[in-house]
Amino acid sequence: MMFRSDRMWSCHWKWKPSPLLFLFALYIMCVPHSVWGCANCRVVLSNPSGTFTSPCYPNDYPNSQACMWTLRAPTGYIIQITFNDFDIEEAPNCIYDSLSLDNGESQTKFCGATAKGLSFNSSANEMHVSFSSDFSIQKKGFNASYIRVAVSLRNQKVILPQTSDAYQVSVAKSISIPELSAFTLCFEATKVGHEDSDWTAFSYSNASFTQLLSFGKAKSGYFLSISDSKCLLNNALPVKEKEDIFAESFEQLCLVWNNSLGSIGVNFKRNYETVPCDSTISKVIPGNGKLLLGSNQNEIVSLKGDIYNFRLWNFTMNAKILSNLSCNVKGNVVDWQNDFWNIPNLALKAESNLSCGSYLIPLPAAELASCADLGTLCQATVNSPSTTPPTVTTNMPVTNRIDKQRNDGIIYRISVVIQNILRHPEVKVQSKVAEWLNSTFQNWNYTVYVVNISFHLSAGEDKIKVKRSLEDEPRLVLWALLVYNATNNTNLEGKIIQQKLLKNNESLDEGLRLHTVNVRQLGHCLAMEEPKGYYWPSIQPSEYVLPCPDKPGFSASRICFYNATNPLVTYWGPVDISNCLKEANEVANQILNLTADGQNLTSANITNIVEQVKRIVNKEENIDITLGSTLMNIFSNILSSSDSDLLESSSEALKTIDELAFKIDLNSTSHVNITTRNLALSVSSLLPGTNAISNFSIGLPSNNESYFQMDFESGQVDPLASVILPPNLLENLSPEDSVLVRRAQFTFFNKTGLFQDVGPQRKTLVSYVMACSIGNITIQNLKDPVQIKIKHTRTQEVHHPICAFWDLNKNKSFGGWNTSGCVAHRDSDASETVCLCNHFTHFGVLMDLPRSASQLDARNTKVLTFISYIGCGISAIFSAATLLTYVAFEKLRRDYPSKILMNLSTALLFLNLLFLLDGWITSFNVDGLCIAVAVLLHFFLLATFTWMGLEAIHMYIALVKVFNTYIRRYILKFCIIGWGLPALVVSVVLASRNNNEVYGKESYGKEKGDEFCWIQDPVIFYVTCAGYFGVMFFLNIAMFIVVMVQICGRNGKRSNRTLREEVLRNLRSVVSLTFLLGMTWGFAFFAWGPLNIPFMYLFSIFNSLQGLFIFIFHCAMKENVQKQWRQHLCCGRFRLADNSDWSKTATNIIKKSSDNLGKSLSSSSIGSNSTYLTSKSKSSSTTYFKRNSHTDNVSYEHSFNKSGSLRQCFHGQVLVKTGPC
């Protein structure tokens, strides 16, 4: 008993804890291993280099892991990752445990040991590594290292070669240095050591190694050498005697020169000075030389140091622009980008603290020019007043940023004290703190961004040095401005920002420790009016831009400052209303600088620039040649931009250029010529009643004095464009117009980016563009046309060129090409086109390859139009006759072929009627009516194609698949396909696109009246018309061949016909089927190239007469149709009695022979000479057939028996029992 009790007791304790053990085991399996002490495996890695491993490495990784490592680098870098160790559970397709690598372009999965020792690069500046494990089998995992690799030159400096035979750092061969009469040159440099020796930082020389431009240091001091003139710069450099301008940290130096001033501008350490150098007046630096960094002479060494961000412009910048020059202003001659340089790898060194490097998220691109002067064209940099302590400022990126800083944002001043334990250089401390601030506020719940970060100096310090504590511990005081955009009205207290920074203290770089943090919100400047008429609202410290009250398009500005020692104290700075007082010439010159070569203008920039120029033009009553030249150069620079960027502002730009030409001052001269690189303008005075100007031409100059040469007299030998005005140009002008006619304006466009047709039918512009206008009036419908001769942009054969003018009102005022009133003259050739136009505007030559109807000459167009209208009229009449015949006589429409023929005739009838009415309806200029006609024409064209295809399908069923074929509701299904399919296609087109883009007026000739309501979109045309017909056409060809094989096979068995009779019968069958199945529409496929015109004639003749041929072969020549006509329409001896032999023959279903089948095979093809027989006998009944009048002929018929099976019967000399036929 005791034993039992013990056993029972023992068993009791054995099973009692089992539920707990089960839960514990489940917990072990399900809880991620990081709970037991392994590191977190969902992190973002943004350090320049480092390592990461699988959880618990080098021990086995836990079960059920889902890890993600996001590796990020700044713009301009990629990430390279290397797997030093790799051991993950192996399985097919890595279905259990796996590591997935996403490089930005593709995703790759690894398992087993496949990735060990391999390296992978990201496609951009971010890479994702994910790792997952299942519930069983653990392995060692992986160990990976990563590093940033610089791919942008902005992140790399150049180590200058110290010997001429070491290597050369030069501008790439693809970059051509232009001839320079002025330049601005900026670069940053460092110098190693304190040797007082001569050196050269850069040199520019010709092919014979003659120095053309160089900068360096000689015994006499720092110099800039231009050609053979050496200009000393010591007086402009704020350095002591024998002190190097460059030290161990980078300093930027900018040099400015203009050959008309005789002085050198030097901008160094935010100080701009000029030094005289009269020997450089009128000198020009030749182009196509070789630019090197360092020295190209053996006797002079290169600067012993590094160079960075070397940029060169072929124009001058003033002190204000240079003081605000940002990293994103690209040099238009040479820029610090890989494409501009040929640099050996050993000369490059990547660093993360370069001034224009992208070690953080980059700021928006700054604009070149004074923002206060240019209004909305760019955003000014906020400058601190002179009363504030000096700062060293670093631009900071935006964290969770929006596109522009908002004035309603809340601004905080963050003051941090950093302990510099390892005594890092101040530049490095600044960089590390910047990274730390960026990472701290990245992906925060509040939308904030840091404006800048700076070292703060207390009063009395003359250098940027550290503050030292009592323990002589080096500390740095840094200030940063943080902007909070309270988009959701959520309050952000300063202590929350402070706690966020303190919490992230550990992420600071080694050797740096956060000592204290202080966050204070900045105050507001009060609203006020100063001076009168200028109202400044209450804002936080920032710049506020106010439109000039009496000068639309220009603006005044004022800055709200905060007190450095007490951020709650704010005050307004002085009002800058200089822009409101500027003359148009000064503003135009500033805009010209903004558009100078090399500037990367966006579409928004161009739109703003055009708007500014438009305001200048509208304001000025008379524009002198100086201002006009500046404005034309602005437009010329704009034309160098991409076509996509020009599209939005093209219409306004063209209107402004026209207005500019009209306002050019001619009081002191009879004509004005302005030439630029991409644009030329010529304006000449003109008196009514005279022929002072009979022609104008523009061509390339005989020398290099200007871009183009313009001539109003004899013309040039081979001009790019010329205009010949008719002698009666100014006749019959009204008195009002005569007053306005005082000038003629001609504008030539070398670049055609402003002429982009966004309409659905986009033709290709193959010539330059020439604009002509007389005063400010509209002249059209000239008795004698204006002759415009325009060169093609490329010498090539342009088949059927189209002369067109630019219609500013087309395409919802975006503009588009219009051919009305212009035709191409026969004197045109491969290199140029001669256009004759009856009005004035912007003229160009287009090429429209696929649809060439509008490219025919006037004679062929008239002939083809005449043939089409006459043919369609005849076709409509006889299609109506065919349809009326079958509708009127009930006996004719009992069989299926007759019903199919009726539907085909209906589609043809409406197609021809709509075609005849289309041109007349177009003349009403009612868009809705034109679209409706085009839609109906499209529908009935597709319906015609469809019913021709159904004819072919029916013949195949009747002649080839003759046994055991039964289709319920045969005609109903054909009607659904015949009318429903075209309706579906047209409905889809109408639903998927704007009706105005698909259907509308289309020009199909060169005369003004050659317009047609039809499909405008070429894609819709080729898919729904050409493609649709192509399918039906090839189907009909296949059916045509099959049917003809059947006919010829049966007719070939007859022995009582001569060869001539056999050929004629087969030929008649071919002709009747050709028109019935629409085979003549296939001529369209051959209307290309030299055979274009002949096949267009064949196409027009046969297809416009299709209704006539169908009437002849499938109505008039049918015996049962003739019988009905004679019975009901004829009188006297021509009338046929109802009980005639002919009638009996047909009524008793005595069929003609297969040659008669061929004779009238058709839509009424099968059994066409009699009605179809629907047998009333049972399937077991016997049917006998009567002998035909031709005893040797075999008659052929199809009929449907009661059960619905299609039957085939033969009639011969002997009565044959065929069964249930």
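A Cβ is built for glycine as well, from the same backbone N, Cα and C atoms used for every other residue.
In terms of which side of the membrane each occupies, Swiss-Prot places T51 together with P1018. The Ca(2+) site recorded in Swiss-Prot comprises D97, D134, S136, I137 together with one of E89, E90, E105, namely E89. For C560, the partner cysteine in a disulfide bond according to Swiss-Prot, taken from C525, C548, C580, is C525. Note on N811, N903, N1201: Swiss-Prot annotates N-linked glycosylation site at N811; no matching annotation appears for the rest, which is not proof of its absence.
Checking the candidates N452, N732 against Swiss-Prot, the annotation N-linked glycosylation site falls on N452.
Contact between the transmembrane segment (1070-1090) and the transmembrane segment (863-883) is absent: fewer than three CB pairs lie under 8 Å, with pairs separated by 6 or more positions in sequence. Surrounding the centroid of the Cβ atoms of E89, D97, D134, S136, I137, where the record places Ca(2+), the chain contributes additional residues within 8 Å, namely N63, A91, Y96, S133, F135, Q138, K139. A 10 Å cutoff on Cβ-Cβ distances gives N600 (N-linked glycosylation site) a total of 13 other Cβ atoms nearby, all chains included. Within the chain, the transmembrane segment (930-950) has long-range Cβ neighbours (under 8 A, six or more residues past its boundaries) at 900, 903-904, 907-908, 910-911, 914-915, 917-918, 921-922, 924, 974, 977-979, 981-983, 985-986, 989-990, 995-996, 999-1001, 1013-1015, 1024-1025, 1028-1029, 1032, 1035-1036, 1076-1078, 1081. Cα spacing between N563 (N-linked glycosylation site) and N258 (N-linked glycosylation site): 41 Å, rounded to the nearest whole number. A distance of 38 Å separates the Cα atom of N445 (N-linked glycosylation site) from that of S136 (Ca(2+) binding site). Considering only the binding-site residues D97, D134, S136, the residue whose Cα is spatially closest to the Cα of N258 (N-linked glycosylation site) is D97. Each of the recorded positions S136, N143, N258, N314, N695 was scored by the number of other CB atoms within 10 Å of its CB, and the largest score is that of N314. Around the Cβ of I137 (Ca(2+) binding site), a 10 Å sphere holds 14 further Cβ atoms from the protein chains shown. Ranked by CA distance from D97 (Ca(2+) binding site), the glycosylation sites N314, N600, N605, N750, N776 have N600 at the top as the closest.
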